[in-house]
Amino acid sequence: MAEMSYRTALVTGASSGLGRGLALWLARRGVRVFAAGRRLPQLQALRDEAQAAGVTVEPVELDVTKADATLERIRALDAEAGGLDLVVANAGVGGTTNAKRLPWERVRGIIDTNVTGAAATLSAVLPQMVERKRGHLVGVSSLAGFRGLAGHAAYSASKAFLSTFMESLRVDLRGTGVRVTCIYPGFVKSELTATNNFPMPFLMETHDAVELMGKGIVRGDAEVSFPWQLAVPTRMAKVLPNPLFDAAARRLR
């Protein structure tokens, strides 16, 4: 693994799941971590766990669906930290959105968090990182973003947005000193997947997924996809002709 070069990091969606795990993973390696999320009690419990281990995690109450407030708060954190070295846009929500009964409220909730919230989180520090000629932006997308999955129109589309957003940032920021990484998890045990009522092949333990994420981020990988058993066929499905993909997708409903 490459040498850890981060002094400070912000991880959104750190109340549980991958965000919580990554915040602890970074803190245990000497990084001062700002753990952001909507549920302050869970963040305070995370801080206490970190303190018991002799490391630093600072809770930050933040609702990324409120874009203007998110921009303001993260910019203030950047100034307080003397420049955030790593920002991980991890906050996300799921939920089914069957096109036959497409509830706008649910669609909007997914877009507000997964699209607007992620873009605001990363945009808040991007100009400062470019000016400093250093920094690392990470977006947590999903393997579900490669094709439109049945019953997940809003979720798949929101993750497709983030994937393309991160790719464009990576191209634009080449040579600036700012690195860009996009994470593509498959199914990971978390609050997000606990309510799923459909098969989840190659379901991963959270700590295993966090280890893959953390190592990929530190290496500066452009993309980190896991588990490979699901990542490989998912990427191959990207080039399937529509009739073949549609037939396969119908079987997965």
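Glycine is no exception: its Cβ is also placed from the backbone N, Cα and C atoms.
Around Tyr155 (active site, proton acceptor), the C-beta neighbours below 8 angstroms that are at least 6 residues distant in the chain are Gly94, Gly95, Thr96, Thr97, Ile110, Asn114, Ser142, Ala144, Leu149. Under DSSP, Tyr155 (active site, proton acceptor) is assigned to a helix (H, G or I) in the three-state scheme. Feature annotation from Swiss-Prot assigns active site, proton acceptor to Tyr155.
According to Swiss-Prot, the feature NADP(+) binding site maps to 10-34, an assignment based on similarity to another entry. In the three-state DSSP assignment, the secondary structure recorded for Leu22 (NADP(+) binding site) is helix. Neighbours of Leu22 (NADP(+) binding site), defined as other CB atoms within 10 A of its CB across all chains, total 29.
The feature substrate binding site is assigned by Swiss-Prot to Ser142. Every protein chain shown contributes to the tally, and the Cβ of Ser142 (substrate binding site) ends up with 27 other Cβ atoms within 10 Å.
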So Gly30 (NADP(+) binding site), by the Cβ count within 10 Å over all chains shown, scores 11
Reduced DSSP state (H/G/I helix, E/B strand, rest coil) at Ala14 (NADP(+) binding site) is coil
Going along the chain, which residues six or more apart from Leu18 (NADP(+) binding site) have their CB under 8 A from its CB? Asn90, Val140, Pro185, Val188, Ser190, Thr206, Ala209, Val210, Met213
Report, as a single number, how many Cβ atoms besides its own are within 10 Å of the Cβ of Ala14 (NADP(+) binding site). 30
